[in-house]
Structures are given as structure tokens and as C-alpha cells.
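The next block holds one structure in the form of C-alpha cells; read it before the comments.
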Amino acid sequence: MRLTAWIAAAVLIVDQISKYVVVHLMGLDRVGAIEVLPPWLNFRMAWNQGVNFGLFAGEDALTRWGLIVLALVIVVWVWRWIARDGAAGRGLRVSAGLLIGGALGNVIDRLLYGAVADFLNMSLPFWRNPFSFNVADIAIFVGAVGLVFLSGETGAKRRR
């Protein structure tokens with residue numbers, strides 16, 4: 001469980017530092033957009049009150065607190081699942097840490113700002129992506145994919 005905890009802590013720290021630097025120190029909350037490597041990478045401020053792509057967004061407290069509770073329930077469930085599976089391999093523990101750290105990073109945003117601070121925007125020369133995301137979102141996605149693909153194997157099976 002130490003590996004899972006360390007990965008979760010690292011993701012949480014990198015996520016919160018990146019948001020603080022880009023949103024507050026670089027002033028993205030005031031300017032709205034900063035071109036970094038156009039069109040490949042830009043910072044575009046988006047306050048996401050919902051989940052991915054703004055789904056289930058709502059400005060009311062019930063939605064905000066409902067998403068906070070849901071994220072915390074998922075964090076506890078994943079933590080307990082990995083803790084009970086003594087044979088959980090390294091990949092599964094890393095995946096759990098990524099998901100947990102990312103979820104907690106977005107929970108902190110909801111508590112501090114009432115919404116998740118999304119700022120990363122990646123596009124192509126022939127296609128402008130309208131959506132923004134953050135480090136926590138990347139970790140949640142990679143962690144969830146890892147949990148899905150690695151959950152059927154035990155550590156002993158992987159070592160063979």
C-alpha cells in the first residue's frame with residue numbers, strides 16, 4: 001500500500017502545484033488563455049462544475065457536494081480493494097494511486113473553488129479541441145484504464 005500512497009501523493013502534489021502556477025501565478029484565471037505551443041498545447045481556463053467534458057454540471061450546492069461525496073466513495077472503495085488484494089501487482093497498485101491522487105486533486109478544487117480548474121488544451125492544426133483538462137484528469141484516466149486491464153491478474157500470475 002505504500003506504493004499506492006506515494007503515487008497518490010505525488011499526483012496530488014503535481015496536480016495542485018500545476019494548477020496554482022498556471023491559474024494564479026501565470027494569471028490564467030484573469031487572461032483566459034495562454035498560447036504555449038500553438039496549436040498543440042495551450043492553457044485555456046475552464047471551471048468545470050461537472051465531470052468529464054462538463055457532464056452533469058450544475059451550479060447548485062447539491063451537485064457540487066454530490067460529486068465530492070462520489071469521488072471520496074470511489075477513493076475509499078479503490079483503496080480498500082487494493083488493500084484487501086494482497087496479491088495486487090505493482091501495475092495495479094500504481095493504477096490505484098494514479099486514480100486516487102487525481103480524484104483527491106479534483107476534490108480539493110471543488111472544495112476551494114466550487115469547480116475543478118481545467119487548463120490544459122491540446123489541438124491539431126486542422127482541429128481545435130474545445131475542451132480543457134488537468135493533471136488530475138490524466139491521472140484518473142490512466143489509473144482507471146490500468147485498473148480495468150490489470151484487475152484480472154494477481155501478482156503471482158504476472159510473475160510467471
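Each Cβ is built from the backbone N, Cα and C atoms, and glycine gets one as well.
TrEMBL: automatically predicted annotations, no manual curation.
Keep in mind the model is a prediction, meaning the values are calculated, not measured.
What TrEMBL says about this one:
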ACT_SITE  ASP118  active site
ACT_SITE  ASP137  active site
TRANSMEM  62-82  transmembrane segment
TRANSMEM  94-113  transmembrane segment
TRANSMEM  133-152  transmembrane segment
Sparsest Cβ environment (other Cβ within 10 Å) among active-site residues ASP118, ASP137 belongs to ASP137
Long-range CB partners for the transmembrane segment (62-82) (under 8 A, at least six residues beyond its ends), listed in sequence order, are 1, 4, 49-51, 56, 88, 92-93, 96, 99-100, 103-104, 106-107, 110-111, 114-115, 147
Per DSSP (helix/strand/coil reduction), ASP118 (active site) sits in strand
Same-chain residues at least 6 beyond the ends of the transmembrane segment (133-152) with a Cβ under 8 Å from one of its Cβ atoms are 11, 14-15, 18-19, 52, 78, 89, 91-92, 94-103, 105-106, 109, 116-121
As a whole number of Å, the Cα atom of ASP137 (active site) is distant from the Cα atom of ASP118 (active site) by 9
